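Worksheet for the structure shown next.
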Amino acid sequence: MTIIAPSILSSDFSRLGEEVARIQDAGADWCHIDVMDGQFVPNLTFGAPVVKSLRKRTEMFFDCHLMVENPENYVDSFAAAGADLICVHAEATHHLHRLLQSIHSKGIQAGVALNPATPLCQIEEILPYADMILIMSVNPGFGGQKFIPTSVDKIRRLKQMIRERDLKTLIEVDGGVNGETAKACREAGADVLVAGSFVFGAADMQEAVAALR
Ligand code: DX5
Ligand code: ZN
């Protein structure tokens, strides 16, 4: 069963709590939280205090995607704020193994994200230590971009790497996911689909979540 994780990046920030309730009511499984620092990506969003406030309003699984430099500096605050999974970019740290250990030491799940230009060999050694690999299917920083088609083959090759090693690592895809691209991603082996504009731009959110599944 595919996990559907709407990104609140495309939501109305003035009513964030209600927007999270709305994705839950629409049948979504996870809440994808895009954290941007204006350094790793050319945009700013929100930090741990926002996650902490939202945590008081829902029990939903918080999938925190950190698009930040020096992600090691944010593990404590996001874990304390109520993140269920912290996903860091392989490009943003020199010590990925140590970072995943530090996330796990908080009793939460750890993911590793790869930009479109970053090859899979970057995570070959870390694969047994990651709960999830996030394949970026757009260049991170903004919602509403077009899906990069070569991402499908990247998902397929990653699925094969995971199978060969007999691992249970989840594959998440993020960027330009809609009813059509979702199908290709699922068939290639994706387990978790992130969608921002497709879900929040839909007239019927429940229908949009169902279309992704
Ligand atoms: C992009 C973010 C995505 C974004 C996806 O940097 O990581 O999660 O919200 O938005 P859509 O689904 O609109 O491409
Ligand atoms: Zn994201």
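Keep in mind that glycine also has a Cβ here, set from the backbone N, Cα and C atoms.
Feature annotations, reproduced from TrEMBL:
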type     : residues                                                                            : note
BINDING  : SER7, HIS65, GLY141, PHE142, GLY143, GLY144, ASP174, GLY175, GLY176, GLY196, SER197 : substrate binding site
BINDING  : HIS32, ASP34, HIS65, ASP174                                                         : divalent metal cation binding site
ACT_SITE : ASP34                                                                               : active site, proton acceptor
ACT_SITE : ASP174                                                                              : active site, proton donor
Around the divalent metal cation site formed by HIS32, ASP34, HIS65, ASP174, which additional residues qualify by having Cβ within 8 Å of the site's Cβ center? ALA5, SER7, LEU9, ILE33, ASP63, CYS87, LEU134, VAL194, GLY196
C-alpha of ASP174 (substrate binding site) to C-alpha of HIS32 (divalent metal cation binding site): distance in Å? 10
Near ligand 2, which of the binding-site residues GLY141, GLY143, SER197 are found, taking a Cβ distance under 6 A to any of its atoms? none
Counting across all protein chains shown, how many other Cβ atoms sit within 10 Å of the Cβ of HIS32 (divalent metal cation binding site)? 28
Restricting to the chain of GLY176 (substrate binding site) and a gap of 6 or more, list residues whose Cβ falls under 8 Å of its Cβ, or answer none. SER137, VAL138, GLN145, LYS146, PHE147, ILE148
If you count other C-beta atoms within 10 angstroms, which of the binding-site residues SER7, SER197 is the most crowded? SER7
List the same-chain residues at least 6 positions away in sequence whose Cβ sits under 8 Å from the Cβ of GLY143 (substrate binding site), in sequence order, or say none. SER7, LEU9, SER10, GLY196, SER197
Just the number: how many Å between the Cα atoms of HIS65 (divalent metal cation binding site) and GLY141 (substrate binding site)? 11
Per DSSP, three-state class assigned to SER7 (substrate binding site): strand
With every protein chain in view, how many other Cβ atoms are within 10 Å of the Cβ of GLY141 (substrate binding site)? 16
For HIS65 (divalent metal cation binding site), what is the secondary structure state per DSSP, taken as helix, strand or coil? strand
What is the separation, in Å, between the Cα atoms of GLY141 (substrate binding site) and HIS32 (divalent metal cation binding site)? 14
Taking the Cβ of ASP34 (divalent metal cation binding site) as centre, how many other Cβ atoms lie within 10 Å? 24
Largest CA-to-CA spread of substrate binders SER7, HIS65, GLY141, PHE142, GLY143, GLY144, ASP174, GLY175, GLY176, GLY196, SER197, angstrom: 17
